[in-house]
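The domain 'Thymidylate kinase-like' annotation in TrEMBL covers 8-197. Under the heading ATP binding site, TrEMBL lists Gly10, Gly11, Glu12, Gly13, Ser14, Gly15, Lys16, Thr17.
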Amino acid sequence: MKGKFISLEGGEGSGKTTAIHFIQQWLESNNIPYLMTREPGGTPLAEEIRQLVLSERNETVNDVTELLLVFAARAQHLAEKIQPALEEGTWVISDRFLDSTYVYQGKARGGNVEFLDQLADWVVGSNNPDATLLLDVPVELGLERVVQRQHQDRLDKESIEFHQKVREGFLERASADPQRIKIINASLSLDAVKVQIEKQLIALNHAWSGDV
Ligand SMILES: Nc1ncnc2c1ncn2[C@@H]1O[C@H](COP(=O)(O)OP(=O)(O)OP(=O)(O)O)[C@@H](O)[C@H]1O
Ligand SMILES: [Mg+2]
């Protein structure tokens, strides 16, 4: 039986990386083989591309360049890591995936959605996540949570309006595809977030239990 593919989405400081740890605990207590990964990145080459995308530079980064780099990393990640793991029955949990591209490079940067659809079709095809947990938090709260962080990358430093578009973009995608994208209220305490995530995992696992 193929593994399941779950992505974590949300803005800066929404709690994606924290949620990954909750998911890891749940998978371990259910004896489910898993692989944790992230985007952009996930393989040595894709991680190098991540550095190219996120590092500060004295040059304007063209929107199309940014978009193609993200998809280049994703092609490598899918072929070398995600697909082989799923084939052998391992669940794959990714900190960000395709929804982030639609939201950051599409909605927030105003990228051409038709072009994005074509790239998604070409690079991702039918390898979309089986489920996505969207950690939703007001922009100010998310940014407050990461403000202590020493290192801020190129996207962390975008304006509040940019991050607001990111939040709206994720919520729009969730309402367009409620079957796949489950919204987690990430403004609540860590314990309350953990409870919501576990509830979703139990429901998904139950729904998938008939799959072959
Ligand atoms: N529900 C919560 N309540 C309080 N603090 C939280 C909560 N969720 C996460 N945090 C804290 O907020 C900070 C950011 O969380 P985390 O790193 O998980 O976010 P992220 O979505 O991965 O951020 P980034 O987009 O920058 O990778 C961490 O210090 C984490 O401990
Ligand atoms: Mg993170």
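Every residue, even glycine, has its Cβ placed from backbone N, Cα and C.
Here the Cβ of Lys16 (ATP binding site) has 22 other Cβ atoms within 10 Å, regardless of which shown protein chain they belong to.
Shown in sequence order, Leu135, Val137, Gly142, Arg145, Val146, Ala186 are the same-chain residues outside Gly10, Gly11, Glu12, Gly13, Ser14, Gly15, Lys16, Thr17 whose Cβ sits within 8 Å of the Cβ centre of the ATP site. Among the binding-site residues Gly10, Gly11, Glu12, Gly13, Ser14, Gly15, no residue has its Cβ under 6 Å from any atom of ligand 2. When the binding-site residues Gly10, Gly11, Gly13, Gly15 are scored by other C-beta atoms within 10 Å, Gly11 scores highest.
In sequence order, Gly142, Leu143, Val146, Leu155, Asp156, His163 are the residues of the chain that are 6 or more apart from Glu12 (ATP binding site) and have a CB within less than 8 Å of its CB.
Taking all protein chains in view, 28 other C-beta atoms sit within 10 angstroms of the C-beta of Ser14 (ATP binding site). Within the model, the domain 'Thymidylate kinase-like' (8-197) carries an average pLDDT of 95.
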